[in-house]
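K.L.:
Here's the feature list from TrEMBL:
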ACT_SITE  SER87  active site
ACT_SITE  ASP112  active site
ACT_SITE  HIS283  active site
COMPBIAS  186-198  compositional bias 'Acidic residues'
DOMAIN    29-296  domain 'AB hydrolase-1'
REGION    186-213  region 'Disordered'
Amino acid sequence: MRMGPGRKRDFSPVLWSQYFESMEDVVSAIINRIQCRIVALDLRGHGETKVRNPEDLSAETMSKDVGNVVEALYGDLPPPIMLIGHSMGGAIAVHTAVANLVPSLLGLCMIDVVEGTAMDALNSMQNFLRSRPKTFKSLENAIEWSVKSGQIRNLESARVSMVGQVKQCEGPASPECPKAIVEGIIEEEEEEDEDEEGGGSVNKRKKEDDTETKKEHLYTWRIELAKTEKYWDGWFRGLSNLFLSCPTPKLLLLAGVDRLDKDLTIGQMQGKFQMQVLPQCGHAVHEDAPDKVAEAVATFLIRHRFTEPIGGFQCVFPAC
């Protein structure tokens, strides 16, 4: 993976002030299409919110967190609410809906999460997590890795989302740090043909960069997913039937139709939920194609008369 000097794309993180002025992600794309208010939850262990037991990431606990946030925001008279979640967040949205923790719930949307596919993926999840870099030299480095590794296909989205997925290490790296501390971060020059003198200068520069890295405060993942393995089964097992059992209108957005399992295939044929496939996207559907996701969500809400369009938005209802 070629990373480092010579890169031409802008991998710098986006400040929140600049984000609200210029960025076009799924949140801003939705509010530009329909009348609504969007609340993005800082789930325990995933952000800067402090809780008593941040290691408890069970579906039951995080579902209660969602209900508690809604209660804290709106009291006993919450407005009509639609829950939207991606991957594990989609599973938590379903568990929240089934437990009736949001009494004013009017809609439910899962983004690229299906029980069958998720359960199959859990078998290789630890190997995937071990393949990721443990640390990054900078936020730019983390953003660059996310795009070049294919985790996120939309650079503009990665400049926003990766900032929240990593945090600065508490202390500087020491000379005793294992080699894995910067694994996956390879500094290379764009020129491939160099004479011996040039090659020597590059090696010297690499050593200087390594020394400098050890003095810096590196960035690491905000949440250690490998340590949450005991909760994985509880997030996804039985998810399809739970989703189908929710009495509210439901929307399922997928990156590919091959992700459907048996229960959801039958439910979709019976018309129990609306499904839309967004091709040419990775797992981070809402980041790779924010406009398409925003259009699907906005159209869903207008179709069920939950809101009104704004800004001349013309929705195209899906065919039967």
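The backbone N, Cα and C atoms fix where each Cβ goes, glycine too.
Unlike curated records, TrEMBL annotations are generated automatically.
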K.L.:
In Å, rounded, how far does the Cα of SER87 (active site) sit from the Cα of ASP112 (active site)?
P.N.:
6
K.L.:
Excluding near sequence neighbours, so keeping only residues 6 or more apart in the same chain, what lies with its CB under 8 A of ASP112 (active site)?
P.N.:
HIS86, SER87, GLY90, LEU253, LEU254, ALA255, ARG259, HIS283, VAL285
